[in-house]
Amino acid sequence: MASNGSAGIRDSPLEPGIFLDEELGSDWYIYESTESTARDDLFPDAIPECHPTISPRMYHTIMAPISLAMTLALSFLVKRRRLRQSCWNGVPGLLSPGNLLEEDGHRAVAAAVFGILFSSLCQLLLDPEPLPLVSPASPAAREYWKILALLYYPVFYFPLLGCTGPRHRLGYAAGALLAWGHCGIQLGQRLQCPLAPKLHRLYSALSHVPTLLSLALLSLWYPALLARSLGRGNASEPQIPEKSYYRKYLKAMLSKQGRKESSAKIEESLWSRILSYLRSYLYIPEEGFRIPLMLVVSITMAVIAVYQVSLLLLVAVVPTLQIVRAGMTKDVVVLLVQFGMVPTESPGIPGDMEQELRTARHYLWALEVCYICSLVLCCLLTCAMLLRTLGMHRSNLRALYQGAVLDVFSKAHILRPSRGAVVCWIGFSSFQAAFACLGLLIQQVIFFLCFVAFTFLVVIPLQAGTSSLLFGIIRNMWPFWLTLVLAVLVQHLLAHFQFLEQHSLQKELTNRRALYILTFLLFPTNVLVGVLAGMWRVVISGLYNAVHLCRLDISLLHRRLETFDPGYHAYCHYLRLEVSQCHPLLQAFCSLLLQPGRTEPPAPPRDTHLEEGLQLMHPKPPALGKARIRRIRARWWVAYTLLHNPSLMASRKTALADPAANGAQLGVPRP
């Protein structure tokens, strides 16, 4: 860049028509500054290109065929029991990504793989080459490659989750190899090329942090599963573990040591109520209850979404503000002074503009501080809402497990799977991540404007000792504000002392004639009070909806319009499917039925040499066997369970109506 034109502009004030010179206009940049700044720190384009040993295209070219081959190989471990049983004991079936409806599944593996997939989606939106295997021929074709990439990345990372489906040591070994391969290659790429000219030099490395952490978790988790499988020997992993979550839930429910709550309600102090309210935003795990797997995945995706969106907002705006603040010159300050955006002591007399330059840079620094503070506040609020929604999930699931449908839904519903419930269950975790992203963006816009307004209308005028627009409005309109305050205060005082009369048990309305007169006289004043109340209603409802947008467990609309809230509608259908298919008491009951019974020892042979009189005597009835005692206890447990969980009656009737339910042969579900 030539500096002759820009130096001349900095040494002399602006002249009319100075920007009409094309040679000078093309030679002048706002980024140039008289101060010495590190160009590499401000300009991402100044970072040289880096080519790792294994490029992204080579990485996908190597790992994609390996993943496909392992998927096909592991599919032979999954046998279809009702199709071609004479051929290899059943033809190979589809490799399942674990049982997402079971509580004893590998929760960490599912959350990690979903996190890798979502992080890849976030990087896909800004990547110039969305599909690493091919390069787009034109910018118009790039959008089509992005659509193909939306289908490619789930298939590419599917084997990382599918290796847990067969519950076999070969699957764990394949998962360990895949996790080590992905983690080693991506970690090597980040170490060789930590800086990248995309938005910011550190954005590429920071955006890959969730992916690297998830791959590191998989690299440790799969070897641990393999070691546990090898330690078990030839015995296969049980489908229902002996110490499963369902048995723990049943023991916790049938435990005789219940919580002893005092019948007398003790009045709590204000500090204790504040602590209890703050404690409601902290999720504390309780014994005997576990959050479902898909809820764990959805909350993990929401946290990763908050990290990715906040990182993008940070690196897209803050470095730009720093560049503008470092490149601020006196010529730009003259324009800002002429537009009245920067105050000056002598507006009609051009001076050296040193004070105005420092003021403009201070304003830009204040904007940067407001932006960072609002971003930190938005992240904290979103995380607090996500923690709060975990507690609400637990309360709603417990209520539905006990059959209290009206405690969760506004209308009575039958908890059965349906077409809408299946669709909502499929997209629930995706909805949670998308709502978290959108809620964070809206909160950032709102709180940034609030911080800027407070800073430039209150803080900076008080710091500089000057007047502001807000102070001028308050000073000029103080009689109006005082009138409204006095009108509201008078109405409250008269309502308390004149229009209410205390009787023995309740208050009664009195002085009705004076009440009618006061209502008519204060009607114009109350109209103005209503305008202010309406403005406050708009502000507080906007803030409430923006903060609670990431929560799907509550509706942002009226109860009659809950159906039109897509987030809450998806959450309700998700609960119906989750409770109907994963009721812990029903699962515990099924596990007891599937448990093989213990063989009793044969009865001793009867002595035939006894006398006839002794044989004719009625012997004492033998004591009940252990098997019969267990059977009786199990029946009482079923009765107790059905008594406290009426929602299970429908499932039990359906099971009894099935002719195969009472038989000895249990059907195996289709894969």
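Including glycine, each Cβ sits where the backbone N, Cα and C put it.
TrEMBL has this to say about the protein:
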TRANSMEM  58-78  transmembrane segment
TRANSMEM  201-222  transmembrane segment
TRANSMEM  293-318  transmembrane segment
TRANSMEM  363-387  transmembrane segment
TRANSMEM  420-438  transmembrane segment
TRANSMEM  445-464  transmembrane segment
TRANSMEM  476-494  transmembrane segment
TRANSMEM  515-536  transmembrane segment
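Beyond the transmembrane segment (293-318), the same-chain residues lying 6 or more positions past its ends with a Cβ under 8 Å from any Cβ of the stretch are 100-103, 105, 107, 110-111, 114-115, 118-119, 122, 199-200, 202-203, 206-207, 209-210, 368, 371-372, 375, 378-379, 382-383, 386, 389-390, 393, 425, 428-430, 432-437, 440-441, 444, 550, 574, 578.
When the stretches 58-78, 363-387, 420-438, 515-536 are ranked by Cβ pairs under 8 Å to the transmembrane segment (445-464), first place goes to 363-387.
Away from its own ends, the transmembrane segment (476-494) comes close to residues 518, 522, 525-526, 528-529, 532 of its chain (Cβ-Cβ under 8 Å, at least six residues beyond either end).
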